[in-house]
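Below you'll find the structure, written out as structure tokens, and then a few comments.
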């Protein structure tokens, strides 16, 4: 709405400014600090904080370190190398969660700006890395399954070709020619079957880390503490008061910021969600199809175990992290440049519960994967308590 001003004093007056901006600002303004009567008891907050650190953070880090050591001491496969990267990311995630939990409990950022930069950067790094690593594992499992099927079909063709060749040349009564032709066929079959027996994962893993670092680098550089001014009602009710401090990325230009926001939504939310859904459906279909044929001996990797890992990690990501993407991250991005807290559409208690539920995934994942590796029917040779091995038994990680 446009206004007609009679003088510059009217334009700059406080009444006109409040009339134009209060309706828009009040919708996205963060609620001021609650009165002390409605706050949680500081002792209860302290007990909750240390309980979370002992049960989830400490135990989760130990489980991930055990998983990392077990994979490092075992024969490397593509799926296990992806799991190794996921375990490293989970350790970083659990360490980062302390900042956010403290942020939720105090309802304001009271830590130094340097820690704000570290929190924002690592939160973005771990979020992007875990999503794309699981998607990468899904693609690797699908490719390994397709390779196993291809090798199995090649083996069946190789078993039938010598008989057909021998029958055709027996009709011509030419023993020497048949022998030469048969040997040639067999040599071609051997070259075909042993052309490729494993899928390389070096480039996909490096690509995932490049995407994660590129996405989080701006947050490492430009995150800072922003002071949110208290509302007029808060000032009138308490006779003043300090604003709430938030840890967020600084915004300079609105036009450029909208473009960056769209890119962040695309990279951190849309692409991982679509890729995860498509690959998960394919993983489930191939897993049940794979029960009807035996894995060829030429394939170095346990295809069934790789498919199981992919299904578990995909389902766990949807259960624990999807609510984080759409209940917090998306709303935060859409609300910018206005600053909103985590889970802005929920109360502080529900937001804290959802945040803890999200970080519990980094505790659940290594626990289940270790249990899966110890099951005999999965045929995974991993010793989580490494013993010294002779030089002949040493296997390098490729």
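Even glycines carry a Cβ here, placed using N, Cα and C.
Predicted, not measured: the structure shown is a model, and the values here were computed from it.
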Given 22-40, 98-116, 117-135, 136-154, which one carries TrEMBL's transmembrane segment label?
117-135
Assess whether the transmembrane segment (79-97) lies in contact with the transmembrane segment (305-326), where contact requires at least three Cβ pairs under 8 Å among residues 6 or more apart in sequence.
yes
Is the transmembrane segment (47-67) in contact with the transmembrane segment (117-135), using three or more Cβ pairs under 8 angstroms as the rule and ignoring pairs under 6 apart in sequence?
no
Give residue numbers and ranges for long-range contacts of the transmembrane segment (346-368): same chain, 6 or more residues beyond its ends, CB-CB under 8 A.
52, 56, 59-60, 63-64, 66-67, 86-87, 90-91, 93-94, 97, 100-101, 104-105, 107, 312-313, 316-317, 319-321, 323-324, 327-328
